[in-house]
């Protein structure tokens, strides 16, 4: 009797780095390294080492003489005022556009009957928001400085327009993601559509709306710190002057002051987010609570007005006949854009250089951020029976400090410093993106690692798995979808940042745009802005496709793929 043949074994899966996605990623990284002028020799050269050592030695001790400390006050106050007024303008622009961008299904759930033009209004609002947020705030600042002149007004308008597009898009997405049963019940009971909207949709969305607004204010504060590099107010101009004069002790003082300011605002916003999340009702439960909310709203409004007066902003001046003539003349100069073959041929290499900087910077940040997050979170330390080491605890605190410092300083400030170490060019921009984004991704990765349950890790350790095997088999599979999603979301942010790093000599489209505006070549400047817009939209679309395919059918440790508020938090961090 012939024994039945044994069933054929399924072929072992190939390692991920030998799969098509892994090979494509390796090819993209190699091209990005080449396109951004990556050079290990530039990092290891005696000149780079000497510049880095001089830079580090010059930072300590920070300048603390009375004249320097007194000079801190006005630029810091101006930075805060620009961020506050810019966010107020962003909310004034973004909130109405968010309502216009809502899908008709949301309005029907509230009992409204949107007409045939509602879909067209939604498309127009979404398109306006896409244009507003796709052009980086520094590019808006360059344009407004050229149209209105030097000063903080250009910075406020730049943050207001750029962040208004982001806020409007996020607000619309959050409102569309809220369960509509309560609003539908109110509408069915005879409530007016806006009443059903205010009582059925806003209460569950309110914590997310407030939280995202506070996250955006943190971003606005960091952004306003660099707008001075193009003459739009804030402390960026003083930082650039100190760097160019090799006064590193003054730079250290400015950096420490900015770090303390951002940390204080971050702590205050965290406390406010917790208080808002603890409230279940949109309306105050007592007259005392109503009075406190009214006082808080009045205080915030008064603070915004005081900030506008401090910056000497005047709506009458911005809307005066002279200002309107200047804006019309500037807009007329931008249109039509110069689409001559010579101009387009010159824009293509700069666009590819910008793309290479964003890819390489994001890859460096992902590697550095994961290492920092692992040191800070120490997921295996939560497993029962694992030995505790004082050295690991100290490393965790050190990793958190590095992440906070890296993400507090904007990319442009890191680029200013790294240009002095490795020289002008896109490689300095890629390194600057890598350092700043490592702090951002490190924080996001850290929060994901903190949520990993300890039970599966304890089971692996209980059957004799090593620490390395437990990390590879027990930790990373649970957080991998979140890590991929966060990295792709930050790539979308980094393509915007890499488009403006050329302003400080770090290559890309920003360098050509600054030169075109300096030469009053407005048609060419319009072409470069359109190139930035097209590049940003293309990367956004590619990132969305890759994210859907990479996360299809996979779940996070919470049972869902990252999205919604997590995604917006990644964009805001």
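Even glycines carry a Cβ here, placed using N, Cα and C.
Just so you know, TrEMBL annotations never went through curation; they're auto-generated.
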Where TrEMBL places transmembrane segment among the ranges 58-80, 81-103, 104-126: 81-103
TrEMBL annotation of transmembrane segment - which of the ranges 316-339, 388-411, 412-435 it falls on: 412-435
Which listed span TrEMBL calls transmembrane segment, if the choices are 18-41, 138-161: 138-161
Tertiary contacts of the transmembrane segment (251-269), as residues 6+ beyond its ends and Cβ separation under 8 Å: 58-64, 68-69, 72, 76, 79-80, 214-215, 217-218, 221-222, 225, 235, 238-239, 242-243, 404-405, 408-409, 413
Stretch-level contact, the transmembrane segment (81-103) and the transmembrane segment (290-311), CB cutoff 8 A, at least 3 pairs: yes
Beyond the flanks of the transmembrane segment (138-161) by at least 6 residues, Cβ under 8 Å: 78, 81-83, 85-90, 92-93, 132, 220, 223-224, 226-234, 311-313, 318, 323, 326-327, 330-331, 412, 499-500, 503, 510, 513-514, 517, 529, 532
